[in-house]
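> Quick paste from Swiss-Prot:
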type     : residues                                                : note
ACT_SITE : 13                                                      : active site, proton acceptor
ACT_SITE : 41                                                      : active site, proton donor
BINDING  : 12-18, 40-42, 305, 331-333, 411-413                     : GTP binding site
BINDING  : 13, 40                                                  : Mg(2+) binding site
BINDING  : 13, 14, 15, 16, 38, 39, 40, 41, 130, 144, 224, 239, 303 : IMP binding site
BINDING  : 299, 300, 301, 302, 303, 304, 305                       : substrate binding site
């Protein structure tokens, strides 16, 4: 059975968790492949909201095994807190969760250094990090100095950890004038973490390959989106990993032959958190109106998201990079009650129309817009395409034509049931 991938096409917060939740009922295994606790996935089931940061949202389904892949950076105590919270809400997390032995561990010194670096930068050089230590942990991974989950299975890790803590404390003191972190506190935390998850630690790449060959249905989920990819996003205003298709394969160990479906998730408008260029951004009252209508505040930090119109060039870029085979369009209901809805269909730079989404100079482009007549009726909760207002259907059809990929799922509200899918079109 081939694997499927859900990937964000914008700057994250596209509604991946809802789509993953919708697809989970037909899935045996869900795998998180990159990122860390800097991401928040929100799922609403029967009016109750659940927020996930590290644990795959498929944990709420009885039949689904959840896997944390090798591409994730894991804050061990935050992870246990999240698992315990979900256990109290009735989900047997520890009975259905597998953890890659190659997953890198994130420690307090990572977040402290991250926060210190961001604080010392001038406003024009700030990245807009969540200060969770994600990038610093990935840097240690690339420097080959980090500790992995599997290292904890041998007590010799303590020698390496002591050396790392001493090194990071020197950095905290000499560069940032910050107090040291405690080796003993970190080590005791790791012992507690291991006592909870030791039986869950395995070679997940081998496990996934074995299960796929048995015909199991596997769904890959990431954090953030293509616009935040460290290689193909709006660098340097990006995350420190690859949320794109290539990152999914590396972050799970699944070979490309197993991957057949790549589902791109996109909002019917655009948002981003933090710094960086945003060509279609709405400022002032217009931006605030869309933010309030869409409830655009970060699930992890609570930060207000910047809001703007749909960007076709960005979506075409995401389709190319990820090999997207279908699109799920979310939050179309938020656009109700607009007289007109502009869509960015291209860019000009120095008077010349660009062929594609640029790697540099996005902050200097002139946006080419086409306007669509809006619809006034409330479409929240509609589950059949034909019941949508004609102007809404025209908007969706135009996006599909420009993107060049079939839109076969439309979300009309936060709940699982507020979804138009498949035969409804």
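Placement of Cβ uses the backbone N, Cα and C atoms for every residue, glycine included.
Values in this document were obtained by computation on a predicted structure and should not be read as measured data.
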> Under 8 Å between C-beta atoms and at least six apart in sequence, can you list the same-chain neighbours of residue 412 (GTP binding site), or say none if there are none?
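Result: 332, 333, 379, 380, 381, 382, 383, 418, 419, 420.
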> Let me know the most crowded of the binding-site residues, choosing from 38, 42, 224, 301 and counting other Cβ atoms within 10 Å.
224
> Looking only at 12, 15, 40, 302, 304, the binding-site residues on record, which one has the least crowded Cβ, with the fewest other Cβ atoms within 10 Å?
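Sparsest of the binding-site residues 12, 15, 40, 302, 304 by Cβ contacts within 10 Å: 302.
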> Of the recorded positions 12, 18, 41, 42, which sits closest to residue 224 (IMP binding site) by Cα distance?
12
> Take the Cβ of residue 332 (GTP binding site) and count every other Cβ within 10 Å, whichever protein chain it belongs to.
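Looking across every protein chain shown, the total is 24.
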> I need the CA-to-CA distance for the residue listed as 'active site, proton donor' versus residue 15 (GTP binding site), whole Å please.
8
> For IMP, with binders 13, 14, 15, 16, 38, 39, 40, 41, 130, 144, 224, 239, 303, what's the maximum Cα separation in whole Å?
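Per the listed residues, the maximum Cα distance equals 34 Å.
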> Of 18, 41, 303, 305, which of the recorded positions has the most Cβ neighbours inside 10 Å?
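The residue with the densest Cβ neighbourhood is 18.
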> Radius 10 Å, atoms counted are CB only; among the recorded positions 13, 130, which position scores highest?
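It comes out as 13.
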> Distance between the residue listed as 'active site, proton acceptor' and residue 40 (Mg(2+) binding site) at the Cα atoms, whole Å?
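Each residue's Cα considered, the residue listed as 'active site, proton acceptor' and residue 40 (Mg(2+) binding site) end up 8 Å apart.
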